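**Student:** Mind having a look at this structure? Questions to follow.
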Amino acid sequence: MIQSDSMGPSRLIKGRSAGSLLIEAMRFLLLSEMFLGCFSASKQPISNGLGHSVVFPLQGNVYPQGFYSVSLRIGNPPKPYTLDIDSGSDLTWLQCDAPCVSCTKAPHPPYKPNKGPITCNDPMCSALHWPSKPPCKASHEQCDYEVSYADHGSSFGVLVHDIFSLQLTNGTLAAPRLAFGCGYDQSYPGPNAPPFVDGVLGLGYGKSSIVTQLRSLGLIRSVVGHCLSGQGGGFLFLGDGLSTTPGIIWTPMSRKSGENAYVLGPADLLFNGQNSGVKGLRLVFDSGSSYTYFNAQAYKTTLSLVRKYLNGRLKETADESLPVCWRGAKPFKSIFEVKNYFKPFALSFTKAKNAQLQLPPESYLIISKHGNACFGILNGSEIGLGDSNVIGDIAFQDKMVIYDNERQQIGWVPKDCNKLPKS
């Protein structure tokens, strides 16, 4: 999700019910059994991290859970923690017993720090708070962090470091000491329960990101990717070992000064292969968002095109799952029963030759628990996103998406995300 303050890059929108969508807005292991040992990364140098990756299986789905999570082993001895994957934020944080003032329900007990916190004179503290300065009175003080979201959720804590147990796809075992947030005061005032996780895995490209830290240690290149299965689960990878997969469509990132989101564009929106009239969209790619959000005008046009094509063949119906839903003669059991009623969208990127992100009906519809087909493209302007446009998990399903910070490009390719890549 995209963070609502200036303390770092971003995280966007968890989507679950129509009620929560009105307030939830901008901001912020197949290998697990092999992570039991602690190994020093410094004893196992990797030549520039070229061609190496760390691969993790994922759990979760777009609906009804609304998020995908990964299990990591952290500490010495290593303990498992479940983290919500988020390509829209930098800082990784865990609920932390320091002691915990306010922690939400989670799969595991709060993390207990092994050593003292990172201090304000540490470069990682400056990186976390950039472009502002750390709010410290003295350099030896602990480095505090506070992330707050537009849905008024927040995490407050202190920056710490500890060992992450990892195994690379070339068989190398590593245990780098990485910086992350020890969150001992979480707030989530929304009407629904927060995600059942121990924290957030920030996958952005800022200096406080786990990806950037691993690159600085020479373990991997600054590349991250995910493959989210429409059936639930999938896999996450750090490093460039999968960047040579055949058929990847690449398009350059669009970065502005001071902007830390993964942004592409401009792009024109097509419906059923025809120009929709929506042009020049800048798009944030964010795995922290369950659904896709367009600005008010783009959303209005998109919904109008769908309604016009349906021409009353399905009846709109009230459903708490999402704002716009349709019912059939009998409840739908799967997206494949309803997809023939709808036509595909596509995003055509004007600065990349033949680069389109295809959005078939299964990339913008869910089947609710009531058996209705619900529209997973939402009006971002209604929840405080303004003119921003966000591509979320629903559009990423059954595609491998790669964020290549080395080459400043993002790529995607259709993929069976139920199959983990071979080492």
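If you go along the chain as it appears here, the first residue is 1 and each next one adds 1.
Backbone N, Cα and C atoms are what each Cβ position is placed from, and that goes for glycine too.
Residues or ranges marked as active site in TrEMBL: Asp86, Asp286. Under the heading disulfide bond, TrEMBL lists Cys325-Cys374. Under the heading domain 'Peptidase A1', TrEMBL lists 68-413.
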**Student:** If you measure C-alpha to C-alpha, which of Asp86, Cys325, Cys374 (recorded positions) come within 10 angstroms of Asp286 (active site)?
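**Tutor:** Within 10 Å Cα-Cα: Asp86.
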**Student:** About how far apart, in whole Å, are the alpha carbons (Cα) of Cys374 (disulfide bond) and Asp86 (active site)?
**Tutor:** 24
**Student:** To the nearest Å, how far is the Cα of Cys325 (disulfide bond) from the Cα of Asp86 (active site)?
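**Tutor:** Here the two Cα atoms lie 27 Å apart.
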**Student:** Note down the number of other Cβ atoms within 10 Å of the Cβ of Asp86 (active site), including every protein chain shown.
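**Tutor:** If we count other Cβ atoms within 10 Å of Asp86 (active site), we arrive at 29.
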**Student:** Using a 10 Å cut-off, grab the number of neighbouring Cβ atoms around the Cβ of Cys325 (disulfide bond), all chains included.
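**Tutor:** For Cys325 (disulfide bond), the 10 Å Cβ neighbour count is 24.
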**Student:** Other than its own, how many Cβ atoms are within 10 Å of the Cβ belonging to Cys374 (disulfide bond)?
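**Tutor:** Cys374 (disulfide bond) is surrounded by 22 other Cβ atoms within 10 Å.
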